[in-house]
Amino acid sequence: MELLFLGTGAGVPAKERNVSSVALQLLGERGATWLFDCGEATQHQILHTAIRPRRIEHIFITHLHGDHLFGLPGLLGSRSFQSGETPLTVFGPKGIRSFVETALAVSGTKLRYELNIVEIDEGVIFDDERFSVIAKRLDHGMPSYGFRVVEKDLPGPLLVERLQALGVRPGPIYQEIKQGKTVVLDDGTVIDGREFVGPPQKGRIVAVLGDTRFCEAAIELARDADVVVHEATFAAAEQRLAHDYFHSTTTDAAEVARRAGAKRLILTHISSRYQGEAALQLVAEARSVFPNTELAVDFASFSIPRG
């Protein structure tokens, strides 16, 4: 599991930062990539990475401002020409269906794969045997959502050495034991599978938040997260400006991570006014509140290990 940032700027494309998009790479977990937001030229950014559009399974749109959305029709269309045949689901606020369907219809774009569009509200918006995704509305003056991706706990490892000490040889019986079943050996020995399986492996939590002021919903989404991706459009000194434009400062983001008990914070959605030393100062401001903070740049990747 890793995060790969495709666009980390705010508002409009800039020379050093494209507009918003981040990929959650789940290649080992499910052979898929999930995108969060799809600003203009996201598919151009993808060309400079190892991401394969045909592996994009879900796209989550935080809100309908253009810098988070305008790259979506092009990416959906291009996926058809890049061997994309598996279904893809777009999740987003009310209006996302009209936007996508109109763009595809007016441009005469025909998709070779099944496209599902889900207009979301708060709550669980996706759930399967491995992951769930929870959405909550943030404070941005228009419907803007944050997403909490929860990896479900994995079964503990089979304690092979203990089984071998009892003379239990590898075979189909190992699978039964790993499932916690009670099995009877050829010599009549009864084995309780639960005693030969280690503790469950704790699933990881990733919170990806859309544009927002500081708010309690952001804290709830980030609670105990392994990684929080939070906008930091403005420096701490621009608190009034951030509030007026429904955005966050560096210290707003850091305070969310601190109150949530998160492990790690990654800042994104950075105004183009902050370059070079000014950008480094943003990190310093956030670290004064939440030390384990990093600043995303385009094409930066962050591994998310277990534990």
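All residue numbers here begin at 1 and follow the chain in the order shown.
Positions of Cβ are set from backbone N, Cα and C atoms, glycine also.
Quick caveat, the model's predicted, so the values are computed rather than measured.
For reference, Swiss-Prot has these:
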BINDING   H63, H65, H140, D211  Zn(2+) 1 binding site
ACT_SITE  D67  active site, proton acceptor
BINDING   D67, H68, D211, H269  Zn(2+) 2 binding site
Can you list, in sequence order, the residues of the same chain other than D67, H68, D211, H269 whose CB lies within 8 Å of the CB centroid of the Zn(2+) 2 site? A10, G11, V19, S20, D37, G39, T62, H63, H65, G210, E231
Ranked by the number of other Cβ atoms within 10 Å of their own Cβ, which of the binding-site residues H63, H65, H68, H140, H269 ranks first? H269
So if I draw a 10 Å sphere around the Cβ of D211 (Zn(2+) 1 binding site), how many other Cβ atoms end up inside it? 27
Using Cα coordinates, what distance in whole Å links H68 (Zn(2+) 2 binding site) and H140 (Zn(2+) 1 binding site)? 13
Using a 10 Å cut-off, grab the number of neighbouring Cβ atoms around the Cβ of the residue listed as 'active site, proton acceptor', all chains included. 22
Just to verify a number: CA distance, H269 (Zn(2+) 2 binding site) to H140 (Zn(2+) 1 binding site), in angstrom, no decimals. 14
To the nearest whole angstrom, state the Cα distance for the pair D211 (Zn(2+) 1 binding site) and D67 (active site, proton acceptor). 11
Quick one: pull the CA-CA distance for the residue listed as 'active site, proton acceptor' versus H140 (Zn(2+) 1 binding site), whole Å only. 14
